[in-house]
Amino acid sequence: MMDHVSYIYDNFKRPVNSLRLQVNAICNYNCMFCHMEGTDRNLSYMTPDEIERVVRVAASFGVSRIKITGGEPLLRHDIIDIIKRIKRHVDDISMTTNGVMLHKLAYELKDAGLKRINISMHALNDNDYLKITGNTRNFRPDVIDGIKSAHLAGLEPVKVNFVVLKGINDDKINDMMDFCLENDAVLQLIEYEAPRNMENSYEYIKYHVDLRNINDDLMKKSIEYKKNTLHNRPVYSIPWKDGIVRVEVVMPMHNSDFCMHCTRLRVTADGKFKTCLLRDNDYFDIKSFDDDYLRDLYIKAVKNRIPYWR
Ligand code: SAM
């Protein structure tokens, strides 16, 4: 683990201290809103060795947090090896998963070095869940088992990702707060993001909910309000039934504050630095290079970061 290293700053004074590491682009779901992180499915993925190299280089520039994502990261048969290798360089490793296979893997993931977990669950009733995930087989009970297993294994905090969709689940936020209270999870309400310049698309206009009103309402109900230290996102502690539920709100759209606090560089499954989720023209090939060359590319990629919303 590296001590006393200084971050690389982009030209907007934003340090990069974390990587969002996509480990594959395949998924056992076909979520109606999925932006696929700008990758196609016919990729040759980075090997565990190549992933370790990127993490090692990023860690040498002070990166101390890795978020593993996909596709569905738990579909990678070598995911445990990948986490063990990342752990040699970085302590704070988290993952976003649809949770379908988590009940089988939670303990192994924890032992390998995973610290925290986000589990996507965008509906509490089976019909909506199937509709949103684009599936015919209902894995929702497995996901709930996964949430329980994550706690038992000590992956903390457990966050439940909930993309708010107009006319589908936007009236279910209170139910989700009940669920998160019962399951000791943080509810993460996520604004539907337009995939790359698709803000005028039929789907986006139909399903997008501006979360500002919901955010204001939560703020009024909260007894405590903090900014998430990683992303500067609001996190509310809300008295709910017989307890307190924590709700985090992710509002990326048209939000210059969101972009100004972005400290993340993205790595695609096929081995590219990507400077922004919403940009699709800003990639740096990083596969199969040695550490020195990668260090140069890392600096170039960071210097190329431009806030999407300004
Ligand atoms: N397969 C995993 C899962 O379902 O969590 C990880 C990948 S998924 C791309 C990561 C997160 O991005 C999920 O919580 C998902 O709901 C969210 N997401 C995907 N597309 C989105 C969009 N257009 N707007 C907002 N959130 C989105």
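A Cβ is built for glycine as well, from the same backbone N, Cα and C atoms used for every other residue.
According to TrEMBL, the features are:
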DOMAIN    11-224  domain 'Radical SAM core'
BINDING   Arg20, Lys67, Thr96, Lys159, Arg264, Leu265, Arg266  GTP binding site
BINDING   Cys27, Cys31, Cys34  [4Fe-4S] cluster 1 binding site
BINDING   Gly71, Ser120, Met198  S-adenosyl-L-methionine binding site
BINDING   Cys259, Cys262, Cys276  [4Fe-4S] cluster 2 binding site
* Asked: What span in Å does the S-adenosyl-L-methionine site cover, taken as the longest CA to CA distance among Gly71, Ser120, Met198?
  -> 23
* Structure fact -> The most crowded of the binding-site residues Cys27, Cys259, Leu265, judged by neighbouring Cβ atoms within 10 Å of its own Cβ, is Leu265
* Asked: With the [4Fe-4S] cluster 2 site defined by Cys259, Cys262, Cys276, which remaining residues of that chain have Cβ atoms positioned within 8 Å of the Cβ centroid?
  -> Arg14, Phe258, Arg264, Leu277, Leu278, Arg305, Ile306, Pro307, Tyr308, Trp309
* Neighbour-count leader, CB within 10 A, binding-site residues: Thr96, Ser120 -> Ser120
* To do: Count the Cβ atoms, other than its own, that fall within 10 Å of the Cβ of Cys276 ([4Fe-4S] cluster 2 binding site), considering every protein chain shown.
  => 19
* Asked: Within the chain of Met198 (S-adenosyl-L-methionine binding site), which residues six or more apart in sequence place their C-beta under 8 angstroms from its C-beta?
  -> Tyr204
* Asked: Taking only the binding-site residues Arg20, Lys67, Lys159, which one has a CA atom nearest to the CA atom of Cys262 ([4Fe-4S] cluster 2 binding site)?
  -> Arg20
* Asked: For the binding-site residues listed here (Cys31, Cys262), which one has the lowest count of neighbouring CB atoms within 10 Å of its own CB?
  -> Cys31
* Of Arg20, Lys67, Thr96, Cys259, Leu265, which binding-site residues come within 10 Å of Cys27 ([4Fe-4S] cluster 1 binding site), going by C-alpha to C-alpha distance? -> none
* **Cys262 ([4Fe-4S] cluster 2 binding site): secondary structure state under DSSP, collapsed to three categories** => coil
* Structure fact -> Excluding its own, the Cβ atoms lying within 10 Å of the Cβ of Arg266 (GTP binding site) add up to 23
* Going by C-alpha positions, which of the binding-site residues (Lys67, Gly71, Ser120, Cys259) is nearest Cys34 ([4Fe-4S] cluster 1 binding site)? -> Gly71
* Neighbours of Leu265 (GTP binding site) among the binding-site residues Cys31, Gly71, Ser120, Cys259, Cys276 (Cα to Cα, within 10 Å) -> Cys276
